[in-house]
Every structure is written in structure tokens, then in C-alpha cells.
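Chemist: Pasting the feature list from Swiss-Prot:
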type	residues	note
BINDING	GLY84, ASN115	anthranilate 1 binding site
BINDING	GLY84, 87-88, THR92, 94-97, 112-120, SER124	5-phospho-alpha-D-ribose 1-diphosphate binding site
BINDING	SER96, GLU230	Mg(2+) 1 binding site
BINDING	ARG170	anthranilate 2 binding site
BINDING	ASP229, GLU230	Mg(2+) 2 binding site
Amino acid sequence: MPITPQQALQRTIEHREIFHDEMVDLMRQIMRGEVSDAMVSAILTGLRVKKETIGEIAGAATVMREFSRRVEVTDRCHMVDIVGTGGDGSHTFNISTCAMFVAAAGGAKVAKHGNRSVSSKSGSADALEALGAVIELQPEQVAASLAQTGIGFMYAPVHHPAMKVVAPVRREMGVRTIFNILGPLTNPACSPNILMGVFHPDLVGIQARVLQELGAERALVVWGRDGMDELSLGAGTLVGELRDGQVHEYEVHPEDFGIAMSASRNLKVADAAESRAMLLQVLDNVPGPALDIVALNAGAALYVAGVADSIADGIVRARQVLADGSARACLDAYVAFTQQATAQG
């Protein structure tokens, strides 16, 4: 028998787990709009207070994928998503968005799932719009973009229409809930590989094991000790790596890759315009901390995508495509594609 919302709430109050199959039933009820706003809010709060388990997160992610508008891709070789949970409060420029162009130029196919701002002054969607890209592409247009440019950006509201059901509740609550954790797990192109930044150290191991349960091939889940949801220059970075079906947790430092440490305040921006300017400086290969952190994260993406044999090798490849202009050319090609695709209807 499916679990009722009342039973689920009682479980959270008692700090007991909602088992995987029960979570699947519960999330289907929520996504179909069968659970009241008051009850949704109570359950989300209860889950947050007791702390979501691997089974609960995996069950909820399974349903979100089920309700999404998929991007059909035939060749997933070297495909990777570069994504963060947001919520780290760092207000940096769009590091993962910039790394997307570098990784694509380096030989990965980047199927990036993103939205508007959460923790930065400019989310991935905001940044791409500031660069001239059209973000609200339909699934078949995203698939074509991925095939032609090596990049497919999936704007979350287009691909997760069922999320409209819980949007008012989330907005009114104004706090992190399980949905902040679910976004990076629900890539509509079903990318088998992922570089994921998280906002809390506990999530490094949890999200890596959720991805393991969801059938991901390879993953790097990262949290910088300075609070960044990226591989950081300002401190060590905790890493949960999924490879060959096993999860290994370890720590890396910028010095491990011959990169100088630099505080995250050197990467801060005030708005989308400043973020755009810094992103373009990186793609034009202007030396500095911004270039270094993008090379580091793009290198990690190339490693997890299977293009590079190690993060260090990936960084070398990233610096090559930044230096020879390939990364900037990748941005220009992607923006042109989105504009043309929209003009053609």
C-alpha cells in the first residue's frame, strides 16, 4: 500500500526513514498535485530537520526523472554534466558555466542542467543569457545543439514542468529543501558522468552514493573547505569519486596540480554583467585566479568524462584549449546555434 502524506510526515517527526519505494510513491503524489501545500511544506521541513537519507534522495530523484521532458541522445560517450547545488553563498562568477565551454572544447560533450541564480549573483541561465544565448530550447533543439556544438544547456523549468506544483511552496518557505539536492541529480539527457558541487561536506559522500544507486557511471562530488560548491583555489576540496561501481572519498589541493592558492573573494562579482566580463576574460586566456579555477574544474570534468586519464591531465588539456582559442570559439558557436535554432522556430 502506498504511504500516505500523513504517514510520511509522522516518520520524519520520529526521525525514521521513508524507504525508497515509499518515497517514490510519495513523490508521485506530490508531483501530480495530490498533496496539499501545507502538507508538502511540513514534509519538506521534516525531511530537512531529520536529514534526508540516500534512499529518500534516490527515490525522489527517480520520480523527478520520470516526470521530466527528456533529451534523447544516442551517443553518450564522453558526456558529462557540470553542475552545483548552489546555496554556497559565495557570489562568485559562473565557474561551472565557463568550465562547460572549456570541457567541450577539450573533447567532452557537456549536457548541462541549470537554472537561474541560487547562490551566485548570476546563475548559469542568467550567465548564458548575458552572453547572448537563448536558453529556453526544446528537448530536440538541445539534442541538436549537443551534437553540433558539444554543448546542450537544459533550462530546468522547460524540462521539469511538474515542478510548478511545488514552486509556490518552495518560494514561500525560502529555505533549502530536498529539491535543492535533487536538481543536479535529474539531468534530462541522463548524462552518465557528472561533476557536482555541493553546499555541505556531508553531501559529498551522500550524493556520490545516490548517484551510484541511480546508475551513474562516473562522478566527482566536490565541496571546497572554504564553502565553495566547486573545486576550490582557496582551500582543500573534499571529493567523493564514483568509479567502477565504488565510491572513494579523498581530498585535493590546488598545489597538487601546480596551481597557486587564491581566496574566493578574488572571484566575486556584483551582478550578471560582471560575471559575463570575468567569464570572457577567462575564455580569452587572461591569466589570474579566475583562469586557474576554471582550468581546475574543466580538468576535473574532462577526467570524469573519460577524456583525460587524471585531473592533472585534464588541466593540461583545459589550458591548451584556452590558449589556442578553442574554448572561446566553442562559446561563439553555441550562442550562434541557439539564436539560429530559435529564429527557425
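The first residue you see is number 1, and the count goes up from there.
Including glycine, each Cβ sits where the backbone N, Cα and C put it.
I would like each feature placed in context: is it buried or exposed, what are its neighbours, and how far apart are things?
Modeler: Using a 10 Å Cβ-Cβ cutoff, GLY84 (anthranilate 1 binding site) registers 27 neighbours.
Following the DSSP three-state reduction, the secondary structure of GLU230 (Mg(2+) 1 binding site) is coil.
In the three-state DSSP scheme, ARG170 (anthranilate 2 binding site) falls into the helix class. Counting every protein chain shown, the number of other Cβ atoms lying within 10 Å of the Cβ of ARG170 (anthranilate 2 binding site) is 17.
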Chemist: Please identify, among the binding-site residues GLY84, ARG170, ASP229, GLU230, the one with the smallest Cα-Cα distance to HIS113 (5-phospho-alpha-D-ribose 1-diphosphate binding site).
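Modeler: That would be GLY84, the closest of GLY84, ARG170, ASP229, GLU230 to HIS113 (5-phospho-alpha-D-ribose 1-diphosphate binding site).
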Chemist: Between the Cα atoms of GLY84 (anthranilate 1 binding site) and ASP229 (Mg(2+) 2 binding site), what distance do you get, rounded to the nearest Å?
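Modeler: Their Cα atoms are separated by 6 Å.
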Chemist: Given the binding-site residues HIS113, ARG116, which one has the fewest other C-beta atoms within 10 angstroms of its C-beta?
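Modeler: Taking HIS113, ARG116 as the binding-site residues, the minimal 10 Å Cβ count falls on ARG116.
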Chemist: Sorted by position, what residues of the same chain at least six away from SER96 (5-phospho-alpha-D-ribose 1-diphosphate binding site) have a C-beta under 8 A from it?
Modeler: ILE82, VAL83, GLY84, LYS112, SER124, LEU195, GLY197, GLU230, ASN297
Chemist: Based on Cα distances to ASP229 (Mg(2+) 2 binding site), point out the closest of the binding-site residues THR92, ASN115, ARG116, ARG170.
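Modeler: So, spelling it out, the nearest of the binding-site residues is THR92.
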Chemist: Determine the minimum-neighbour residue: among THR92, ASN115, listed as binding-site residues, which Cβ has the fewest other Cβ atoms within 10 angstroms?
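Modeler: Selected from the binding-site residues THR92, ASN115 on minimum Cβ neighbours within 10 Å: ASN115.
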